[in-house]
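Remarks on the structure that follows.
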Amino acid sequence: MDQNALKALVGQEAVKYVEDGMILGIGTGSTVRYMIDALGERVKNEGLHIIGVATSDRSAKQAESLGITIKELDEVDHLDLTIDGADEIDDNFQGIKGGGAAHLWEKIVAINSTKNMWIVDESKMVHHLGAFPLPLEVIPFGSSHVLEKLNKMGFNPSFRMTDTGEHVLTDSKNYIIDLHLGRIDHPHDLANTLNGIVGVVEHGLFLDTVNTVIVGRQDGPEVLNARD
């Protein structure tokens with residue numbers, strides 16, 4: 001199976017965990033798109049009744065186009081389960097997210113969810129975080145000074161730009177700075193450091209967050225229990 005087939009596989013597996021009446025956090029990214037399609041099929045074919053809370057405008061639009069009811073996070077009092085993707089997951093089930101420039105909303109939804117599930121193809125499972133650039137969402141005001149501070153700290157930062165040379169904008173109209181670190185040996189320490197930098201709204205380290213990981217492998221989906 002190619003990578004897209006593996007993504008479709010885990011998307012279909014993940015929606016088996018969605019129960020009637022759930023308030024579901026809906027993530028963002030290429031793998032989640034397959035999950036939303038599979039969820040739409042259950043809504044259509046089984047009459048599944050759920051409320052979705054999306055982590056990006058594009059996920060909300062896709063879900064609504066398939067008949068899934070979407071509400072804002074502030075309109076619900078809890079989330080039963082959030083299903084999202086990840087860019088890297090290490091041996092301790094710590095993750096990097098934000099390749100789709102949605103990690104701020106993703107993290108807000110995740111921390112308000114009773115359970116979190118990540119769905120990935122096998123290429124996302126790594127021994128150490130850091131080969132994938134670590135995204136930071138930063139406010140535009142003073143962002144060049146934030147970039148310079150990060151550079152002086154040795155984090156090898158760069159603004160994420162579009163093909164036309166414009167800043168990539170998040171749904172909150174902020175910029176993305178990617179840190180090209182190579183390897184992250186102490187993710188909790190790094191998270192604390194980044195949390196202390198004025199102008200950084202949120203980083204893409206998702207630590208001690210996920211409960212279940214579904215990995216798309218050539219011989220089928222593998223379900224991993226990360227934490228209770």
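From the backbone N, Cα and C atoms, a Cβ is placed for every residue, glycine too.
Taken from Swiss-Prot, the feature active site, proton acceptor applies to E106. DSSP assigns E106 (active site, proton acceptor) to a helical segment in the three-state reduction.
Swiss-Prot lists T28, G29, S30, T31, D84, G85, A86, D87, K97, G98, G99, G100, K124 with the feature substrate binding site. Long-range neighbours of A86 (substrate binding site) (same chain, six or more residues apart, CB within less than 8 Å of its CB): G95, I96, K97, W118, V120, K124, F206, V210, V213.
Ranking the recorded positions G99, E106, K124 by how many Cβ atoms sit within 10 Å of each one's Cβ puts E106 at the top. Across the structure, G99 (substrate binding site) and E106 (active site, proton acceptor) place their CA atoms 11 angstrom apart. Of the listed binding-site residues, namely T28, S30, the sparsest Cβ surroundings within 10 Å are found at S30. A simple way to gauge crowding: the CB of K97 (substrate binding site) has 29 other CB atoms within 10 angstroms, across all the protein chains here. Cα of D84 (substrate binding site) to Cα of E106 (active site, proton acceptor): a span of 8 Å.
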